[in-house]
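Peer 1: My questions will all concern the structure given below.
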């Protein structure tokens, strides 16, 4: 089988390419150049100069062709600019979802089909299972590396074409051992970080540079509008966090957390953590840009939902809406952050997902 492998220059995708080559497949490697702002030597970067060289070195050693696609413009528009826009609205975006769906899968899947490939493989920790009605997305064996939450926007057609060989791997140590066994020099290379395109490591500095209107101090207030302190910029906060609130914890005698971000007024609204679950949380949440990996059930579906990348599942009834969104009715109140993903699960299977909106349901 002719398979295109999306190669980031890291251990995971390199092992995927090597395994498929060893299995006798005709492998073609491809890497997207997403940016180049001195990232070649930055630990945790992805798809920059050094990574492209590492991917090409693997392809040369194993003897298969490797292509580089210049996707800087699309990446800047689809990921970086939208990332800054979201924070300027008081949301907490998930850039990895935008990158996977708006850049990587768009460009690489198109290239794979143009090259006559029968499938495209990636180094994501996801299981693809052939179900009675077609391909299904499931959590991987290695729960610590689960990336299904970040791939909820993968469409049915894309899932049919994609392959995820690492979904059955027991852990990352096993993958690194395979890399050594396969003779890959990058076996000990560090993993990429969550926000790989932030050169300084401070996402807030990037947002403030791209959207100067969010710069500047403002007030930290309680739900009654009483001023409790000052903050250094609204882009530095997200709903649910309790860090960077200064001495407010000791001033009030109760540990506080962010409940709302009022961008026009430059206000961070906080409330006591012990009371937030009842006073400021929500049992109903609206989602936008819903992607279903099952036939959208008109009457709704009872399932588990995950409203943050590393949070527990919550029981809910999810109903499709005519505007392409969905209404999530939680059995227990939660503090969803606008802009984050809400992903639906039935056991290990991903049913779909969408983005949390700021409006009340």
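A Cβ is built for glycine as well, from the same backbone N, Cα and C atoms used for every other residue.
Pulled from Swiss-Prot, these are the listed features:
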- 99: active site, nucleophile (ACT_SITE)
- 196: active site, cysteine persulfide intermediate (ACT_SITE)
- 6, 7, 8, 9, 10, 11, 12, 13, 32, 123: ATP binding site (BINDING)
- 99-196: disulfide bond (DISULFID)
- 124: site 'Interaction with tRNA' (SITE)
- 340: site 'Interaction with tRNA' (SITE)
Peer 1: Would you mind sorting out which of 12, 32, 99 (the recorded positions) have a C-alpha within 10 A of the one on residue 124 (site 'Interaction with tRNA')?
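Peer 2: Near residue 124 (site 'Interaction with tRNA'), where near means Cα within 10 Å, the recorded positions are 12.
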Peer 1: On the Cα atoms of 6, 7, 8, 9, 10, 11, 12, 13, 32, 123, which are listed as binding ATP, what is the maximum pairwise distance in Å?
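Peer 2: Between the outermost Cα atoms of 6, 7, 8, 9, 10, 11, 12, 13, 32, 123, the distance is 16 Å.
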Peer 1: Let me know the DSSP-derived helix, strand or coil state of residue 8 (ATP binding site), please.
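Peer 2: In the DSSP reduction, residue 8 (ATP binding site) maps to coil.
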Peer 1: What whole-number Å value do you get for the CA-CA distance of residue 340 (site 'Interaction with tRNA') and residue 196 (active site, cysteine persulfide intermediate)?
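Peer 2: On Cα coordinates alone, these residues lie 18 Å apart.
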Peer 1: If you measure residue 8 (ATP binding site) to the residue listed as 'active site, cysteine persulfide intermediate' at Cα, how many Å is it?
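Peer 2: That separation, Cα to Cα, works out to 12 Å.
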Peer 1: How many Å lie between the Cα of residue 6 (ATP binding site) and the Cα of residue 99 (active site, nucleophile)?
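Peer 2: Spelling it out, the Cα of residue 6 (ATP binding site) and the Cα of residue 99 (active site, nucleophile) are 13 Å apart.
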Peer 1: On a C-alpha basis, identify the one among 12, 32, 99 that is nearest to the residue listed as 'active site, cysteine persulfide intermediate'; the candidates are the recorded positions.
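Peer 2: Sorting the recorded positions by distance from the residue listed as 'active site, cysteine persulfide intermediate', the top entry is 99.
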Peer 1: In angstrom units, rounded to an integer, how far apart are the Cα atoms of residue 12 (ATP binding site) and the residue listed as 'active site, nucleophile'?
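Peer 2: Distance between the two Cα atoms comes out at 18 Å.
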Peer 1: Which of the three DSSP states, helix, strand or coil, fits residue 340 (site 'Interaction with tRNA')?
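Peer 2: Coil, per DSSP.
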Peer 1: At the Cα level, what's the spacing in Å between residue 10 (ATP binding site) and residue 99 (active site, nucleophile), rounded?
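Peer 2: About 17 Å separate the Cα atoms of these two residues.
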Peer 1: I'd like to know which of these recorded positions, 6, 32, 99, 196, is least surrounded, judged by other CB atoms within 10 A.
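Peer 2: Least crowded of the recorded positions 6, 32, 99, 196, by Cβ count within 10 Å, is 196.
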